[in-house]
Amino acid sequence: MEAFQFKGEILRSRSNLYILTDIPRILGLDYLAISRLAFEWAESYDKKDWNRLHNILAPNIAVDYSMMGYQCFPHMKSEEFISMMSSPDLLGDPLIHTQHLLGGTGYERVSETEIVAVHQIRAAHQRYANLDLTSVAHRGHGHGIVKHWYKKIDGYWKLAGVRPEMYWTEHDFDKIFPRLSAAK
């Protein structure tokens with residue numbers, strides 16, 4: 001097996017797939033559970049399925065949506081988070097449709113019961129002109145990362161924190177959430 005140095009870490013090749021040998025491993029079932037939580041988070045936003053979101057959340061979560069003008073909440077009750085996200089100011093607006101696509105992910109196992117993940121994200125947004133959804137008023141897409149904190153509670157992984165970071169936007173992102181834009 002071929003090996004070489006990469007920024008101080010030894011990489012080994014197996015059929016041209018390079019594996020970092022000295023990073024903490026996330027075991028298969030934990031990886032699958034965390035990946036599923038990330039998918040459920042994105043789908044719950046896009047489908048406006050607040051029960052689905054509730055099912056994946058820890059009782060208290062760290063919430064930092066400061067990029068959208070909200071303050072950072074280190075210990076927000078999950079019900080308060082759902083109320084915030086489902087409000088007409090954000091994703092609860094029936095004229096707003098989204099798709100949150102997650103790309104590559106970096107993981108860090110903090111402990112046996114804590115994992116931090118940084119997901120690449122492209123969040124497509126459309127604001128429709130009316131409730132029949134026949135005419136798009138504005139498009140606005142965000143590109144960046146979303147940091148998730150996961151905690152194992154009573155044997156199950158739960159989403160325990162979320163902090164998006166926008167690198168850049170396309171189109172009229174500032175017109176997607178007009179109530180937030182007006183408050184600034």
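Numbering starts at 1 and runs along the chain as displayed.
Glycine is treated like the rest: Cβ placed from N, Cα and C.
Summarising the annotation, TrEMBL assigns domain 'Scytalone dehydratase-like' to 30-178. For Tyr45, Tyr65, the entry in TrEMBL reads substrate binding site. According to TrEMBL, the active site annotation covers His100, His125.
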- Closest of the recorded positions to His125 (active site), Cα to Cα, picking from Tyr45, Tyr65, His100? His100
- Query: About how far apart, in whole Å, are the alpha carbons (Cα) of Tyr45 (substrate binding site) and His100 (active site)?
  - Reply: 8
- Inter-residue Cα distance where the pair is His100 (active site) and Tyr65 (substrate binding site), in Å: 15
- Message: What does the DSSP secondary structure composition of the domain 'Scytalone dehydratase-like' (30-178) look like, as residue counts for helix, strand and coil?
- Response: 40 helix, 79 strand, 30 coil
- Tyr65 (substrate binding site) has how many other Cβ neighbours within 10 Å of its own Cβ? 18
- Over the domain 'Scytalone dehydratase-like' (30-178), what is the model's mean pLDDT? 95
- Message: Validating a neighbour-count step here. Other CB atoms within 10 A of the CB of His125 (active site): how many?
- Response: 23
- Query: Including all protein chains displayed, how many Cβ atoms other than that of His100 (active site) lie within 10 Å of its Cβ?
  - Reply: 22
- Note on the structure: Counting across all protein chains, other CB atoms within 10 angstroms of the CB of Tyr45 (substrate binding site) number 20
